[in-house]
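What follows is one structure encoded as structure tokens, with my remarks underneath.
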Amino acid sequence: MKERLEELRNEALEKVKKAENVKELQDVRVSYLGKKGPITEVLRGMGKLPAEERPIIGQLANEVRESIAKSIEEKQTQLEKEALEKQLREETIDVTLPGRPNTVGGPHLLTKLIQEIEDLFIGMGFEVAEGPEVESDYYNFEALNLPKGHPARDMQDSFYITEEILMRTHTSPVQARTMEKHEGKGPVKIICPGKVYRRDTDDATHSHQFTQIEGLYVDKNVRMSDLKGVLNTFAKKMFGEDREIRLRPSFFPFTEPSVEMDISCKMCHGEGCSVCKGTGWIEILGAGMVHPNVLRMAGFDPDEYNGFAFGMGPERIAMLKYGVDDIRHFYINDVRFLKQFHHA
Amino acid sequence: MLVSINWLKQYIDLDDITPEELAEKITKSGIEVDSARPIVDQIKKVVVGYVKSCEKHPNADKLNLCQVDVGDEELQIICGAPNVQAGQKVAVAKPGARLPGGMKIKKTKLRGVESQGMICSLQELGIDDKFVQKEFVDGIFVFPDDVEVGEDAIKLLNLNDTILELELTPNRSDCLSMIGVAYEVAAILGKDLKLPEVLIDSMNEDAADYVQVKVENPELNPYYGAFIIKNIQVGPSPLWMQNRLIAAGIRPINNVVDITNYVLLEYGQPLHAFDYDRFGSKEVVIRTAKKDEKIQTLDDEERTLKEDHLVITNGKEPVAIAGVMGGADSEVSQETTTVLLEAAYFDPQTVRKGSKDHQLRSEASIRFEKGVDPKRVKEAGLRACQLLEQYAGGKVLSGVVEFNELEVIENVVEFSSDQINQVLGTNISKGEMEEIIARLRFDYEHKGEGFKVIVPTRRGDVSIVEDMVEEIARIYGYDRLPYTLPEGTGHAGRLTEQQQLKRNIHRYLQGSGLNESWTYSLTTRKRSGLLVSPEVKALNPVPVKLAMPMSEAHSHLRLSLLPELLASLQYNIARKQADLALYELGSVYINRKKGLISLPEEQLRIAGALTGLWMNHPWQKETKAVDFYVVKGILEGLFDYIHLNGVQFEADEVEGMHPGRCAVLKVNGETFGFLGQLHPSLQNEYDLKDTYVFDINLEKILEHMDKVEQFVPIPRYPSVSQDLAFVVSEQVSSSDILEVIKDAGGSYLQKVDVFDVYQGEHMEKGKKSIAYRLLFQNPEATLTDEEVDQARENIITSVKEKFHAELRG
Ligand SMILES: [Zn+2]
């Protein structure tokens, strides 16, 4: 009987091994381990055995049963796994097909630049100040040392609405208004971004509406070298650490001394090329020490306080930094333009 | 201002510096040099030639065959100019010469006869037509007799000059003169200055016997000097003077006119020469014009004057518009023998007014408008007398007949060297400062630790310490300023709440798929009143129009961002961009009074316009066009993101909008915007297909926003959800039912969502079914079935009662 059991075991294991699917495996289970199966039959015939052999055969029969069952189970797991693998392979998709679009929009280039500049100056302790775009002649001109009839008013032909009210021609009135609010006490440390308007015919380089960012720092003992240091920090952060700045004397009615700041040309590194018109330098902004008349009119004592101011045009900076070739792009909103600057 | 380097060399030694280096130095010291360019392009081998004979070309009627002596040889040259004659001294481009524009001169044959070079016109030598003397415009240039044959014509005609173009800021009108530029350059280079000496041989006769001067408005004309020069012979001015005028961009006319122009350029003082015999009287009367008074000006235009124009008269009628232009009647001509020369100081604003009204901006008016140097007015007159004596045969009468109430103010500025160093952040020694002041040729005295500077009148722009700071800094050099950072008390910068909100809104809308746009604030009259949000309209805004718009397109201030935003959609659609989602954050301008008395209220708004597909994923059949609920969803998400709670969307009609697809937005009972579909007729006007817009008031958001963020414990007990579907009349709005559900649902009702809306088959006509999913939760304990059932029953009863609703299956 012992031999018979071993024989059954080998036979069954062989069949398990050969089973190709769950059904065949099931057949093996039924035929060998079922109630009518050969092992049961062997056990039934155990009565004929001597008593001392019975437990040995019984144990062996159980062992055979278990090893067959175990092998079936293992095989079953293996077959199921294979079946699953097969099924998954049938579920293969084309990973190269396009995904469901998750469209994000993005900022306008001017907003992006203005925020970048704001953040740069916030980092240097400035606050962002805003003011009306429709201004009084007083804040737009007079408070900035540009009395009526001043020849420099020619420089900025303006959109008047009435004799006393106009579209602001620069964001400087925000400086005057902010200083007034401080009632003669410093420090005032602001930058003023915003829209401004001038009587220009729109073309590739002129726009009747554009933006400006001006900065103002009024305190005790402000030095022109501070202005140079702050502008240098700004220029390097904004345009690259390898860029140099230079200040050139200039004239603005609201600052004295007045300067213009150039940065070294990115293209030629100061050698001179077509981008910088051969000079090696590119004009970026105007600046200067706040004119005592401006301080006085805004309620500050020029003997106690002084300050610096600067102003720049984000459109111009965008045109330089990104090579935009026509200022009208900023106001037409061609999505093919807008989307070029959406990347983080 | 155009500056001839050759002319400048008369005042300063510039031999050791190239024009380019000089331009760079001037720019860095304060006056921008726009360009430094040769007066003409590359030119070589042009000499003076003497036309020995001039005959007709044997084979061509219009050509002449000339034998020309050029000093070292004789050339046979064929010349087509109508004015060529034997006996002339002319400019000859010899074989091997190069002319501007790259033309190379070679021996050549013209109609079978050899030509060994070219006799040149000034144009061929690179001089612009408009500067060429009238008599030479249509032919070759003829030298005066006193030039040597074989001499270098390039030098004689000043064609080796370099011109600096100065871009002058309004404060530096002192450099509208060659002498002013010479002062500036001398200061920059630290060089000596050699200025013209004015010496005149006056006649015994008194000018006062010839003319009287009367000024009626001294405040407009504080100085008027009249000089009389007799014996004038009008003719061409000397070649060197003509050359300098051409270099400065002025066409030579005759010696008298050229001399006044020359002195204008040299001293910055405009002068006017009248023909004394045609002046009309012996009296110069300066007064304001009478209303509608007329004058025929030099350019042969008849001009009507206004009462605020200043005129020079002969006591009867105007003979010149002061500082702007002379009259035709008293113009100097070939026949003039006696000249009445005017040197005056006119009020800058009056001249500006006159030149603006007559649209006459002349070299003279530009200088008067800026204010001329009061100390040089008379001197300039004397200089002109000297030149008339030298180059027009003039005899100058003794004395200047003048009216003089001109106050000559010399600004005095006192400062210490510490003061300057403090402002600049420098350590410039007192000695170096003194040297700079001396180089500027300002008078000064030492005073304590600093200086007392007496500023010359030519530099009227320097009047306060800050001006001296600039003068010292620019000569010292801004390059030498150190880089420092402000030492002031520490000061933290940050965005205000509103600025932060703006950035958050940008971030949200961009993340939601909208593209930020910028449109113009100025629009057409029609668009300025289009699609105005109801709460703005309720203020009855009065349109604001520019006094002098450049065009109708940008004539009015906008009251809504939408009309121009829609124009941007239209622009894109015309360029085959069909699926668009744009938004803008910007101001509208609300004026509530007729006529703009005070500044309009500027209100920040945020508007969007969407059209085409919102989602386009065709291969998986997921394609969604923009509709009302897309836009509403964007706004709901926004309000959630920025903590604006309790916003209500109420169906309402807004002009320009689809009457059945529009909602106004309210928070705490206040309207703050609207959304919906554009009215199809407006869509048509913009060539748009279905387009949805929104427009909201950002300031109202800020006002009603929930600013506190506080932790709420995460619920620990399970929630229970229940679905209810009601059949109601299609007139009933979902939000009304929602309100009733919320009221009746008890305190455990946490959330109600619509999950289905049905209308159509198996539904009675005029009815619809709306299904809600209710979420109950008790934060303190597990809810019992009884509690939930009770709440559910309450809701059903209330909804049935309020809306004649039926509970659906
Ligand atoms: Zn370059």
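Every residue, even glycine, has its Cβ placed from backbone N, Cα and C.
As given in TrEMBL:
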BINDING   B:D461, B:D467, B:E470, B:E471  Mg(2+) binding site
DOMAIN    B:40-154  domain 'TRNA-binding'
DOMAIN    B:408-483  domain 'B5'
DOMAIN    B:715-808  domain 'FDX-ACB'
Per DSSP, how many helix, strand and coil residues does the domain 'B5' (B:408-483) have?
36 helix, 15 strand, 25 coil
Per residue, counting other C-beta atoms within 10 angstroms of the C-beta, which of the binding-site residues B:D467, B:E470 reaches the highest number?
B:E470
Among B:D461, B:E471, all listed as binding-site residues, which has the most CB atoms within 10 Å of its CB?
B:E471
May I have the DSSP-based helix, strand and coil counts for the residues of the domain 'TRNA-binding' (B:40-154)?
8 helix, 53 strand, 54 coil
